[in-house]
Amino acid sequence: MPSTSENNKRIAKNTLFLYVRMLLIMGVTLYTSRVVLQVLGVEDFGIYNVVGGVVSIMAFFISSLSNVSQRYMNIGLGKQDIREVEYAFRQSFTLMCLLSAMLLLLGETLGLWFVCNKLVIPPNRMVAALWVYQFSLVSVLSAINQVPLMGAIVAHERMNMYAYLGLFEACARLLIVYFLKISGTIDSLILYGMLTALVSIITWLLYAIYCIRVFSECKLRFYWDHSLVKDMSRFIGQNLFGCFAWSAGVQGTNILLNLFFGPAVNAARAVSVQVSAVVTRFTENIMTAVKPQIIKSYASGDREYMIVLIQKSSRYAYFLAAILAIPVMVEIEFILEIWLGQVPEYTVAFTRLVLCESLIGVFIPPLWIAANATGRIKNNQVYGRMFTLSILPISYMLLKVQQDPVIPFLVAIIANIGYWLYCLYDIHIQIRLDIRRYLKEVAMPGFFLSLILWSVGSVQSWMIPEDTFSHFLLAFVSMLIIGICVVYCLLSVGERTILQKYIQGLYGKLKK
């Protein structure tokens, strides 16, 4: 196995590729969201998101399959057994095809009935909603069959290709917006669904062409090994419940809001989720880069390095999320007004609550990855996910008593805290992760940093006049304070020493 130094360099390099990809997609998404909301209108925008949410609930197993596919390929690569990697890929591909057929059957029966009979959709938009539903099914089927291909790229740590495909997606989104603007008499909602499905199909083809040409084990051939299927099925089954609970909690909330308040509130939630997705992408990039190393370090028996990766990735991920999320929470009214122009009702409150939930959720993925590495995911994905699954029934009961659309968001925050603490205890049992040390070195610095950022941002926002220049000045001053807080509150003594030596070396070069 490569040295720790080489692994750290690879993680840093891969993270850089992922951040280039993320910044590009983030910029395009922020622009396209504004245009799509303007072209579709609040009602159609809400319809698109709630109808797509129905398909997402049925496709809850995508994340589960992705975890399984990546795990088995990473284990094979950690053992340097290319034959095992090939069998894992082909078996994953076979399972994806079977599940695609099952999803298509479910989608064209139960899912279609639910859209027609249960969702709150204006009668004059029902035909367009049904077209969007069919296109959403196509998009999800493409995503399912993309799972083993993405698993191969991540397992081999080819994040540069991941970034290039992100470039294609960003350009495709811009083209979609262009076509929406010039669509003329064509129904914009139907056109948007069709073009999004087309981009999904082309993206799958690009992944397939790359993987087949570059990785010898990536062969799109059916394969069935009873013992491997049995082992993977056990892993999938436990992971599946966790993904179902997550999908029910997240997408189920979207449907719940539709049933109680209509598509306009769905539009507000869709905007808040898009803002939150920016924060999530920052942390996902670190997790994507570090995930193969955590699994490979476990496979090679290096538990100490595995724990170091878990703690450092958790700390850095929260740091990156906080420096973005908290200033956004403070200035969200100004940001939404500049970004969207037309801000749906409840968007400000929803965005603040969703960002709060996302910040808590940042601590969870490294613990998931550790459980995936050991293969003991039952507690994590079955018992722990009961917290997430409880969001839906508790929110429903509370909404029956008091019809306030912020209730499901508050329930989700409390559930996320419970799930995080449960996962932490589970990993402590599995690999002897020191909980006190984790709280001291990971959670407490992060929460302390958040308190400072919120306090400084709130005071500055209250004192500074309401104009664009003042908001930019606030951002600049906040960044200076963030830098000081990070150096003295977040970084360890060893990390501060490394940073100091780097700055001294850079200063020496500039003097020459």
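Each Cβ is built from the backbone N, Cα and C atoms, and glycine gets one as well.
TrEMBL entries are annotated by machine, without manual review.
Quick look at what TrEMBL lists:
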- 16-33: transmembrane segment (TRANSMEM)
- 45-65: transmembrane segment (TRANSMEM)
- 93-115: transmembrane segment (TRANSMEM)
- 135-155: transmembrane segment (TRANSMEM)
- 162-183: transmembrane segment (TRANSMEM)
- 189-212: transmembrane segment (TRANSMEM)
- 316-340: transmembrane segment (TRANSMEM)
- 346-370: transmembrane segment (TRANSMEM)
- 382-399: transmembrane segment (TRANSMEM)
- 405-425: transmembrane segment (TRANSMEM)
- 446-463: transmembrane segment (TRANSMEM)
- 469-491: transmembrane segment (TRANSMEM)
Ranking 135-155, 189-212, 346-370, 405-425 by the number of C-beta pairs under 8 Å to the transmembrane segment (382-399), which range is first? 405-425
CB contact flag for the transmembrane segment (189-212) and the transmembrane segment (346-370), at least three pairs under 8 A: no
If you count every Cβ pair below 8 Å, which range out of 135-155, 162-183, 346-370 shares the most with the transmembrane segment (405-425)? 346-370
Same chain only, please: residues at least 6 beyond the ends of the transmembrane segment (135-155) with a C-beta under 8 Å from a C-beta of the stretch. Say none if there are none. 51-52, 54-56, 58-59, 62, 65-66, 69-70, 73-74, 77, 85, 89, 92-93, 96-97, 99-100, 103-104, 107-108, 111, 161-162, 193-194, 196-197, 200-201, 203-204, 207-208, 210-211, 215, 217-218, 288, 291-292
Mind checking which residues of the chain, 6+ beyond the ends of the transmembrane segment (162-183), have their Cβ under 8 Å from one of its Cβ atoms? 17-18, 20-22, 24-25, 27-29, 31-32, 35-36, 39, 150, 153-154, 191-192, 195-196, 199, 202-203, 206-207, 210, 288
